[in-house]
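Undergrad: A single structure is presented below for examination.
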Amino acid sequence: MVFVSKQNFEIAFFFVFLGIFFDFFDGFFARLFKVTGELGLQLDSLADMVTSGVVPGYVMYFLLENSQHEISSSSFFPFLGFVITMGSCYRLAFFNIDTRQTDSFIGLPTPANSLFILSLPLVISYSDSLFILELLTNQWILLLITAFSAYILNAEIPLFSLKIKKFTFKDNALQISFLTLSVLLLAFFQYAGVPLVIISYVLLSVVNNRFSLDGKTK
């Protein structure tokens, strides 16, 4: 949050990404060595709450405070950004008691949502498109993103996991396709590719759910 306050968004993004990276691999190694424990689960969620809950909420607060709005920046309006923090908190708490989310997710995972929000000020900083700049500095668009963020975190939408259990292409075709698409989007669009990656993740999951449902009904 210190780096966000100083508008060092690249460094803030890097440290959040680093936190998410270690969060992924601590779970991976815990499963690999079959180390389980309730305390570890709660500490993991507490760490997620900081990197993927408090930080994106503060970033949205900053964006709303500096947006093109008629309401004074000293008003309550920018604090609505912390709705993301509250949505993240609820998701993390519910995730710990939801037995349906062992192999996949229901609702957008907080790390993905955090990267989406943290990419917005970077898109603003590096975009040459006047349309994008006006879009992401508009108070009502930012408020819409805030509301949608809190919603998609807790929506009853099944999303695939990147966890690899079997080392075969057939079992990981969806994950490999997504990772390939992600690399291409990031290569072509740089920071602007981050929100596109997250949007693609949700859309691919919805399409996959539709095909899976059609397959079961035949």
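Every residue, even glycine, has its Cβ placed from backbone N, Cα and C.
TrEMBL: automatically predicted annotations, no manual curation.
Per TrEMBL, the features are:
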- 12-33: transmembrane segment (TRANSMEM)
- 45-64: transmembrane segment (TRANSMEM)
- 76-94: transmembrane segment (TRANSMEM)
- 115-133: transmembrane segment (TRANSMEM)
- 139-157: transmembrane segment (TRANSMEM)
- 178-204: transmembrane segment (TRANSMEM)
Undergrad: Count the CB pairs under 8 A between the transmembrane segment (115-133) and each of 45-64, 76-94, 139-157, 178-204, then give me the winner.
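TA: Per the Cβ count, the answer is 178-204.
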Undergrad: Would you kindly list the residues that approach the transmembrane segment (45-64) from elsewhere in its chain, counting only those six or more residues past its ends and only Cβ-Cβ distances under 8 Å?
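TA: Apart from its flanks, the transmembrane segment (45-64) reaches 1, 4-5, 9, 12, 16, 19-20, 23, 77-86, 88-89, 92-93, 95-96, 110-111, 113-114, 116-118, 120-121, 136-137, 139, 142-143, 145-146, 149.
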Undergrad: Which sequence positions outside the transmembrane segment (139-157), separated from its termini by at least 6 residues, show Cβ-Cβ distances below 8 Å to it?
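TA: Same-chain contacts beyond the flanks: 56, 60, 63-64, 67-69, 71, 77, 80-81, 83-84, 86-88, 90-91, 94, 106-108, 110, 113, 116-117, 120, 202, 205-206, 209.
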